[in-house]
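Peer 1: Pulled these from TrEMBL:
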- Lys27: active site, schiff-base intermediate with substrate (ACT_SITE)
- Lys84: active site, proton acceptor (ACT_SITE)
Amino acid sequence: MKLLISVQSISEAKKIKRSDFDILDIKNPNEGSLGTNFPYVIKGIREQFPDFPLSAAGGDLPALPGLASQVAFGLAHLELDYIKLGLYGMQSVEAATDLLREAKRAVDMSGAKNIKIIAAAFADFREANTFSPFLLNEVAAETGIDGVMIDTINKKNKSLFSFLKIKELKNFVEDGKKLNLITALAGSLNFNDLDKLREIKADIIGFRGAVCKNEDRSAEISPEKINSLYKKINRRI
Ligand SMILES: O=C[C@H](O)COP(=O)(O)O
């Protein structure tokens, strides 16, 4: 399991420069679960991490393929390794397929090499009226994108495991892997979830709140917490 850590600013990224993790993710929590950050922030972080796997969130997207394709095209010019697109304002397979197909076309057209598109659905899709994660693998395979992720919209006192059962998450990951998709999970995960996450075996697990001061995702990020999480994941403590 690769550890992805989300930051929201250049200064946070600098602060954790010597910490242990596998993927640095850039988001803008002020704009939602997968809120997208400004080009200058992403560019500034790339300058700090020239050879490190970098990911960026592309927004909790409405059912507007044109908008999604422009977001994807913009992100494709920022030397990223992964872009994450949230399937927020839609419920149907057709709407999600249109959006991802256009996002992929835009990334291909940008000429950027080796960028992986990860589509995210939300574990609390019923409450939030968003795209079902149970339909995500099918849409990802159909559109030729690279990976799938489940996160949560509701980040207040609830986590991924408040909304979906371990068995459901395991099936999601197994089905995704059978389709050669990268699989990722996030959503207020904490240190106590590691046994469950090991059982589910997603390729990537994403954290922010649990590695911030007082477990508050809007507070300061803690390099020490990141190191201790990385050690626990890799069973060095
Ligand atoms: O992609 C990972 C997310 O940024 C995780 O954030 P969270 O742990 O605060 O829910």
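Here the Cβ of each residue, glycine as well, is placed from N, Cα and C on the backbone.
For each listed feature, how buried is it and what is near it?
Peer 2: Contacts of Lys27 (active site, schiff-base intermediate with substrate) defined by a Cβ separation under 8 A and a same-chain sequence distance of 6+ are given as Ser6, Val7, Gln8, Leu34, Gly35, Thr36, Asn37, Ala56, Ala57, Arg208, in order along the sequence.
Under the DSSP three-state reduction, Lys84 (active site, proton acceptor) is assigned to strand.
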